[in-house]
Amino acid sequence: MRFLCLHGYAFSVEVLQQQMEPITAHLPSDWEYEFLEAGMEPTQLMLPNLKQVPKPNSSWYNFPYPEDVEEAYERLAAYVESEGPFDGIWGFSQGGSMAALLLLMHQAEHPDTPYPFKMAIFTSAFLPHSFDNGVISWDLTEKNTLEPAYLPGRIDVSHGKKLDWKKDLHTSIEYDMINAVKDELDFPVDLLLRWRPSDIPEKIPVPSVHVRGLKDHYSFVDESVYELFDPDMARKMTHRGGHNFPRYNEELVHFAELIIETVVSLH
């Protein structure tokens, strides 16, 4: 098995390798893991404690400006095309979001061709942003509050209804982020919406493993990525930690069992 591994926001290949070592020690020794550096410089506006994060580090993108997300996606897709084939993709945090985006885009653009991966593994992953759902244009009012305007894309997720974009699950995360740093941004800003499981016409038919911590401090790390996938082909577990890999031996063993069961199901 050969896996493409994607790190999270303000992470590095080296840090992800270190975090994966306890779990890969429980997997077959002849499996291969290839790591891709994200490439964009993180910003303190997204991560206030960035100065304490070990360097080097990088992100796939910062705020979901359409051009930045598209650049990250195209770079990843080009890498898979040139360096593949890979048997699986394994994404942590924002890397998991990018892995899900890659599969969703394949489903949308090449529905009648084989997926680029036989399986996918997600650790502490969250929903990716969509190129099809349009953008929210956020602007500041005279009262220094954020006002959203929805510009639909190929898909109108509002279905003609007036939605509270400050609370809607497509956009609430981004609202909270930019509202916290609105005095340091230039407005207006146009940001992509996130995919929701209800947005896709059918579940992704790729065997998958989903792992998250019960103490994850990011509320948006939930079951949503799991819900994008065919439940008959998906396996999931939780562990006692937070926004990281399982650390207790019995949890690592269970994680490894889920991965191996998924690999066996491919044959």
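Backbone N, Cα and C define each Cβ position, glycine as well.
Copied over from Swiss-Prot:
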{"type": "ACT_SITE", "residues": "Ser93", "note": "active site, charge relay system"}
{"type": "ACT_SITE", "residues": "Asp183", "note": "active site, charge relay system"}
{"type": "ACT_SITE", "residues": "His243", "note": "active site, charge relay system"}
How many whole Å apart are the CA atoms of Asp183 (active site, charge relay system) and His243 (active site, charge relay system)? 28
Expressed to the nearest Å, what is the distance separating His243 (active site, charge relay system) and Ser93 (active site, charge relay system) at their Cα atoms? 8
Structural state of Asp183 (active site, charge relay system), classified by DSSP into three states: helix
Using Cβ atoms only, which residues of the same chain lie under 8 Å from Ser93 (active site, charge relay system) while being at least 6 residues apart in sequence? His7, Gly8, Tyr9, Phe11, Thr123, Ser124, Ala125, Phe126, Val221, His243
